[in-house]
Amino acid sequence: MEECSKPPEESQRPAEQTAPYAPVAAMGSPHLSDGSTEQESVTGEEAVIDYLAKKGYHRTEATLRAESSNQEVPKDGELRPQPTGPPRYYEMFLRLRAWTDDALDIYKPEIRRLLWPIFVYSYLDLVKQFYPKEAQRLFQKFAEDFRKEHEYDLRGLEHITLPEHSDQDKVAKIYRDNKYRLALSSAAYVYFMQFLESLPQQGYKLFISIVENNMDLRQTDRGADDRFSFASVIQRGIDGQDMPAEDEGIPGHRPGNAVSSTDPTVGNNLATLKLGKLPMEKDAEEDVRGDLEELDLKCPPVPGQPTLVQTHDLVNIKQEDEDEGPSRSEIPYPPSTARDVAMEVQKIRENRDRLKIETRTGGIGPGLSVVMYTFHNTHDSINCLDFSGDQKLVAAGTSESYIRVWTLDGSALGPAGPNGQKQNSQRLIGHSGPVYTVSFAPATVNPADDNPTEGATADTSPQWLLSSSADASIRLWSLHVWQCIVVYKGHVGPCWSVSWGPFGHYFASAGHDKTARIWLTDKIRQVRILAGHDDDVDVIAWHPNSAYVFTASSDKTVRMWALNNGNPVRMFTGHTSMITALACSKNGKILASADDTGVILLWDLAPGRLLKKMRGHGKGGIWSLSWSAESTVLVSGGADCTVRAWDVAGPAKEASGSSAAGGAAGAKPTDGTTQAGSEAGGPKSATATTAPSNFNLQSGTSSGSAGVGVGGVSGVGVGGIAGGKRRAKDAVVTSDQISAFLTKQSPVYTVKFTNMNLVIAGGAYLPEQAK
């Protein structure tokens, strides 16, 4: 009788019998309820995987799953995917930063620009996917790396912890709705792609998603700064690697174009600008020429000096190499008066007799002179200052909603006070909020004041004063009766800035409602509304021929507008923080803009391109800019308690070090002394509790490279001074700086080049803030 062989029990099976496919081969094909077989509903691989999972063969199961999905099996030491955890942005960004730090010097200035957009979009993606703790971890670890350059954006991003926040925050919406544009040279682009390919699969997917969906990464045959070769980039890399290219960032646009669009076919053609002088009226020009001929007969020029008529022809008659200017019909003005003729005659005289600053002055040409007027006992209540065109008056707008006007020489001003005695100041009351800007109407020195033999001429002293306030109004004040004459209303919210046009009659304002407005003094409503900025318009300035207006906004862009139609003609991007000052050169070809990180950018208006970047001021902002008559020197003043002079000509070069007040490279100190200033303000007070209405005003002059005056400033050459080094030890000074003048703990609110090329500056003594 034949024995039936039985299969061994499960426990008696040999240990070697672990091949997963043997039991599957012995399995039948049971029928399901619908008549189909199990193989038809479940693939063989799935059945094998199920079997391995039931029997506990987890390693074999993982290997088979990876092979079936064609996935790369992670090696030991690599970051393994975590399907149920947050994306590994933190670890991947740590790798990216380490890679940029170890990169070759020739690529480092370019590839470091990748860190900021990848950081922003990584943070926003973590917030969007509901990983607030991981997002905060990323932000707290790396935010300080970008604090110096992107302070404004970081302040907005750090409060975003939920997806609803990113939908409401304006900074997040700008980044989410636009692609961040960045240009890399071909070599740097390939270098970055090689880094991405070296990442583990999850890191590659994270970064490539950001690059494809959120960035407009452009490969070029040159570096991000097309004015310099790679050798030049390396030479000035330490100074310039923190600054973005002018076409970097969002919203993307081509440099200079007033149109912002991702469509490459939109806005390619720049509008033609008329940057030349505005011609004089024929009748006025004849009157000016006649007065100049008469003055030439009375006071003949010294040998080697041109006549006033020759100077007039050089200044006001268009030369062959000069740009075309606007016509009188494009910008309507009222007929010229005797005052206009007298002012023009005085400008010609000052142009001929001024201190000439033809080229760089750092120890080579004549040194600059600065007169500093310091306000004491202000209790930090002064918001703004302005000097009149004849350099006889100074006006201060205060946080107490009033304006006070002083005479700089201490003479009596206006009608007598309640006690019957005349004072050297007048108070203008009318605003119901802090006064943010004051602006004197155009004026010139009256020659009859200094030389009675000149005979009677029309009064060229300032007649009007404009002011803007948090009460959303602009007021026009008469300096004869010291009363408000007109209140202009139109802005919705605070009016941050107001400025007279170069010839009077027109003035412009900027406000919280994201608009700038053009006004006529004889109309109570605006004649133009300049709309286009995405945030508050903070600063406004005029072109010398009055055909264009410049606006700077919290959206970190500068726009140029045509006066005759109100259309934008240029847009400049490049600042990474709030823009605090604007000034156009006297020749009308260059615009200077400054921000609250101490950076000054110079723009060539015709092509709409960035000329160069200059750095030297400390943190806190540059509050005022002014150009010399020749447009070769720029002066600036700001919160770091310094007045600095800059050489405009030539490209930016290597950094001169990190001293706060270092001068131009190769500049040597000049011998000079500082005269003691004389009091010119209101009644003095020895106590610190004096009311703001009794501000003390002191003046001092400085010329040369060293010395401190009473209430004045000190000029510093290459070496600087010990106190200045301590005060702004972190500031990097570029070689464009000619000299720096340090004040005695007085932030500089305004600086101004006079027609004679003398620099006057004003500020308030604030020892608490300067510490």
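Just so it is clear, glycine is given a Cβ too, placed from its N, Cα and C backbone atoms.
Keep in mind that TrEMBL annotations are predicted by a computer and have not been checked by a curator.
Residues annotated as compositional bias 'Basic and acidic residues' in TrEMBL: 1-13. For 1-45, 64-85, 653-705, the entry in TrEMBL reads region 'Disordered'. What TrEMBL lists as domain 'TFIID subunit TAF5 NTD2' is 85-214. As annotated by TrEMBL, repeat 'WD' applies to 375-409, 488-519, 530-571, 572-613, 622-648. Positions annotated as compositional bias 'Low complexity' by TrEMBL: 653-669. Per TrEMBL, compositional bias 'Polar residues' is recorded for 686-698.
Listed as Cβ neighbours of the repeat 'WD' (530-571) (distance under 8 Å, sequence separation of 6 or more from its ends, same chain) are residues 152, 170, 174, 249, 253, 256-260, 270-271, 273-278, 325-326, 330-331, 496-503, 506, 508-512, 514-518, 577-588, 591, 593, 595, 603, 605, 608.
Taken together, the residues in the repeat 'WD' (622-648) have a mean pLDDT of 93 on the 0 to 100 scale. Mapped onto DSSP classes, the repeat 'WD' (530-571) shows 0 helix, 24 strand, 18 coil. Sorting the repeat 'WD' (375-409) by DSSP state (H, G, I as helix; E, B as strand; all else coil) yields 0 helix, 20 strand, 15 coil. Mapped onto DSSP helix, strand and coil, the repeat 'WD' (622-648) counts 0 helix, 18 strand, 9 coil.
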